[in-house]
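Notes follow the structure.
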Amino acid sequence: MASSAADPDRVKPSSCSNPSRKVRIVAKIRGFTDQETESLNGDSAPWISVRKPNEDGSAEKTTVSFGDQSTRNGYEVDYCYEQNEDNSVIFSREIQPLISRVFDGQNVGIIAFGATGSGKTYTIQGTEEKQGLAALAFAEVLTMAEDNQKSVAISLYEVFQDHVYDLLDPTRSEVQAFVKSIPEFHKLYFAGCNSRRATKQVPFEKQRRSHKGLIIHIICTQGCSSTKLLGKINLVDLAGYEDARRKSVESLNLFDSSRVNKSLYALLNVVNALNANENRVPYRESRLTRMLQDSLGGRNRALVLICLNPLSCQDTIYATSLASRSLQGVNRVFTNTTMKTKTSAKPMVTKGRLGIASATSKKPTSSRAQFSEKTSSCPAKGRKLFDKGNQFMTSEQAKAPSNIASAMQSRFLPDVGSATEPSLQESVQEPEDSVSDSFPATLPTDEESSLRNAPGDAKPTEEKDVHLCSENKHSEVAANVDRNQKTLTYLEEGDNMEKENKILLINKDESPPLSARLRDLTNNLKSLYAATPIQMKIANETDTSSRGLVVSTDIVEPKTPVTQHAITAKDKWEVTTDTSSHDLVVYTDIVEPKTPVTQNALTAKDKWEVANCQSGTFNARSSGFKHSLVHDYLRFLNSASKEELKGIRGIGEKRASYILELREESPEPFKNLDDLKDIGLSAKQIKGMMKNVAGELFS
Ligand SMILES: Nc1ncnc2c1ncn2[C@@H]1O[C@H](COP(=O)(O)OP(=O)(O)OP(=O)(O)O)[C@@H](O)[C@H]1O
């Protein structure tokens, strides 16, 4: 039951929230079901209390509180819709004003978040009697798109177990026959949402929890030019938030539950980062956030609807607490510590630091408080290492974000060069990748034909399968263009993702197995060791054609050779002597592993003096060795697969994931030892790691 401290009509939503906030967070108390009304039998003790700003200044913010918490400050939200305010009220106040942005090429995300059974589906999808936000938005878009300059398409997807499934099967007759009316939309939408494309892979269908999203694409032609603006509304019905441990007892599906929650935490981390105006937004933490990347951030606007169960529900308290914190945008909350305390049996809602309510049974420990401060002051790196959201990260998550908008733009707009999507460009706060979504976008006939026939389209209209490989990435998305079906179809991403997962795990082409990589690394270093001037003879070959020769000083320090061994062509060392300079040219990249001929030239002391090393100033007797070791070690970090990274002492699951993430941002994030500090290693740890490498090589 819910009670309100103020008349909802007295305060307009826009007046009680920060207009610069990128993600608005509003709550909605679900209405009672018939069964609940019956069982309540007139007993109306309110479980949810809503406090709204009012003119007398007695309350400045909108807060919701639960049960006997009503005397406390509660959880802050931008606004709270009451039980009696239906979807049309939310639509007219929250969503309608955003739709015009979509016609300007911006993207909008509408995300329903809350505990299981809190009314998310009812709000987004609606019922046959009561329209949900999706249908209301679609109707509005259709009305606004009436002139021929705009076209509308839809796609329906499901994010389940970190895979994205297309819910609109293009072979189905109703998908083929879609003509853009509301009843047609309803039919398609409900059928799509209830379809089970991934059934075969899901042993416990009844326990399936997934995120479902509808994307309404709007393509506008600007005047007489061929420039197209692509905007979209992404309406997401998230899987219900559930206490993973409690649920696992019931459903014996802890992993699944944790995975869903992990994606929810990842989403809230993104919202938090956006509202805090952090430089770096952690979109890559989950498939869900990558799906939503181009609807969140930049000029785009998003709305998170926290759906509240009107009857006592612990998960509703947790969900509200988490979402409310992401309003603040300052206090990094999704730490392991938080999650542990959160799931305690009897959580007590307390008021945390900075006035932020926290659903924990304990006061924040000093260490957690310190960590929160540390992370908020250092938003970009380090912090994510310890976030809950990273706990179940898989290698697949190192992939690029999905982006159907860019896929549509690059594939189907008439002139790739002139097509613009400002929202997309601005929203990307992490490096943009070119992997595209692969669920279908059902387009109307006129749009499809105009896109296909438009000048500049490089692909012939007869072409059935258009394979597009991004320049920078290795992903491939196939688009199936079928004139007769009147649909544009992206091949199902789920099919490819399996393969991609395997590729990423095995990494056959780009990264040999760990043993091979380590062997190479060791061999290279051994070769360098063997090739150091104190052990090898520099052949006195003269290359008369070569002038101005170069010494690769970071590999070999010119020293007087101690022992004289001839270097043959087989050694693949190209050592030349310039008669004028007597400098050496050493092409280290063609070094082949070679058993050192002389092993006794170096004493242990000569080999490595690492005892006093500082990070970034690794101190070895031979700077050649030092540099080559560091160089190869860093190169390994810059290129190894996740599994390989995990094989290195000091690098576990989280660090390996984080390294992959850094590599997505910059191809070579590790340029010197100091860069290892970015993955949370102390100078002492770096020293230890280098010692280990050195020890392994020369023990
Ligand atoms: N405003 C409302 N008025 C009446 N009944 C409602 C309202 N909102 C939701 N319900 C009912 O409450 C029940 C739960 O709603 P719904 O399925 O939308 O929850 P959910 O949050 O999507 O759950 P899940 O996480 O399991 O998907 C349904 O029977 C739905 O019809």
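Each position is counted from 1, following the chain as shown.
Positions of Cβ are set from backbone N, Cα and C atoms, glycine also.
Averaged over the domain 'Kinesin motor' (22-329), the predicted model reaches a pLDDT of 84. Per TrEMBL, the feature domain 'Kinesin motor' maps to 22-329.
Feature annotation from TrEMBL assigns region 'Disordered' to 35-67 (among others).
Within its own chain, THR116 (ATP binding site) has ARG209, GLY240, TYR241, GLU242, ASP315 as residues 6 or more apart in sequence whose C-beta sits under 8 angstroms from its own. According to TrEMBL, the feature ATP binding site maps to GLY114, ALA115, THR116, GLY117, SER118, GLY119, LYS120, THR121.
Residues or ranges marked as region 'Disordered' in TrEMBL: 356-385 (among others).
What TrEMBL records for 358-378 is compositional bias 'Polar residues'.
Taken from TrEMBL, the feature region 'Disordered' applies to 415-463 (among others).
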Measure from the Cβ of GLY119 (ATP binding site) and count the other Cβ atoms within 10 Å, all protein chains considered.
22
Most Cβ neighbours within 10 Å: which of the binding-site residues SER118, THR121 is it?
SER118
Write out how many residues of the region 'Disordered' (35-67) are helix, how many strand and how many coil, based on DSSP.
7 helix, 9 strand, 17 coil
Pick out which of the binding-site residues GLY114, GLY117 has the most other Cβ atoms within 10 Å of its own Cβ.
GLY114
Compute the mean position of the Cβ atoms of GLY114, ALA115, THR116, GLY117, SER118, GLY119, LYS120, THR121, which form the recorded ATP site, and then list in sequence order the other residues of that chain whose Cβ is within 8 Å of it.
ARG30, ALA112, GLY240, CYS307, ASN309
